[in-house]
């Protein structure tokens, strides 16, 4: 049976960063990374933006050149999944039937796109935007003449895909079940702004609509039927309704977790010698009032990966990384600092009509998060307000001419 001192399951951002950080921190043992996809680790965010828009080729998405991993003596088993974890034996069962031993295990599998459960969900022409294969398949259909696309889901993935497709000249309809887009992650001001932007760019954006079924001919999707009976023509459908944490084997092995796998302040699961990082890991977040939650971002995956690598190398410290996020749509750059969970007030800096403004989120008078649209200085200075738990004067906070650093 093959084995490694550290086995990392998942070859995304978190898994790659953990392997890199192990070597950077002097780890000399054996490292194996097991990845479901055939590619070496690559950046995910550009998939729904620059890669799909043909602004970046795939070789520019690699986190490190493929030759880097061999140079650092990091082994990869690509196109492979873990189907079973035996924590007592410190042994994995792989999708090819092979057994693989580990000293320490780092679970960095992220999540699988949530699928529609309605009639017609198994038709061809229905896509996620999670992997290179997802995007390549959709791009091939566009190249073959697809003109009408329906995007189901008004989160960041759906909005970013809609922006790219509309810029390419396709007819895009975006459907959101809730009263506004970004309802789970942003305040009403930001939602209203982005809804208007997409409508102004030609997207048929509809909120408070429910999908009843997908209709098709000869096994291929041709439309999306709404609960009221209307059928929206669609030669392709993109589904962006969230992810399901890919933690089945860990939970089956006895790991605690209801939404992903639970980890402590050191990213340790309830199973011995097993860590979890990234989108699949639920932890008590200091920047969300100690609420146990999963944070789906590249920043979180990378920082958790570094935290675990240092712990394995003997420098164990609690995970306290500051959360941040970004999204590019059209010519708009959104930068988010902090987590707005439970906010009770917002303050607007700047003018949304000028397409350059910030939304500051407060809870009990304390700044907990910012959404900054084309406001880089606010983002850089505002994150310090969040880190400090600042309680600024609201009138001064609303004055876009007053630098946020002066409110500390």
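First residue shown is number 1, and so on along the chain.
Backbone N, Cα and C atoms are what each Cβ position is placed from, and that goes for glycine too.
Per Swiss-Prot, the feature FAD binding site maps to 14, 49, 82, 130, 279, 298.
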Work out the three-state DSSP category of residue 49 (FAD binding site).
coil
Can you tell which of 82, 298 has the most other C-beta atoms within 10 Å, given these are the binding-site residues?
82
Over all shown protein chains, what is the count of other CB atoms within 10 A of the CB belonging to residue 49 (FAD binding site)?
18
For the FAD site made of 14, 49, 82, 130, 279, 298, how many Å separate the two farthest Cα atoms?
30
Show which residues of the chain containing residue 130 (FAD binding site), separated from it by at least 6 in sequence, have their CB under 8 Å from its CB.
44, 47, 112, 113, 243
Which of the three DSSP-derived classes (helix, strand, coil) applies to residue 130 (FAD binding site)?
coil
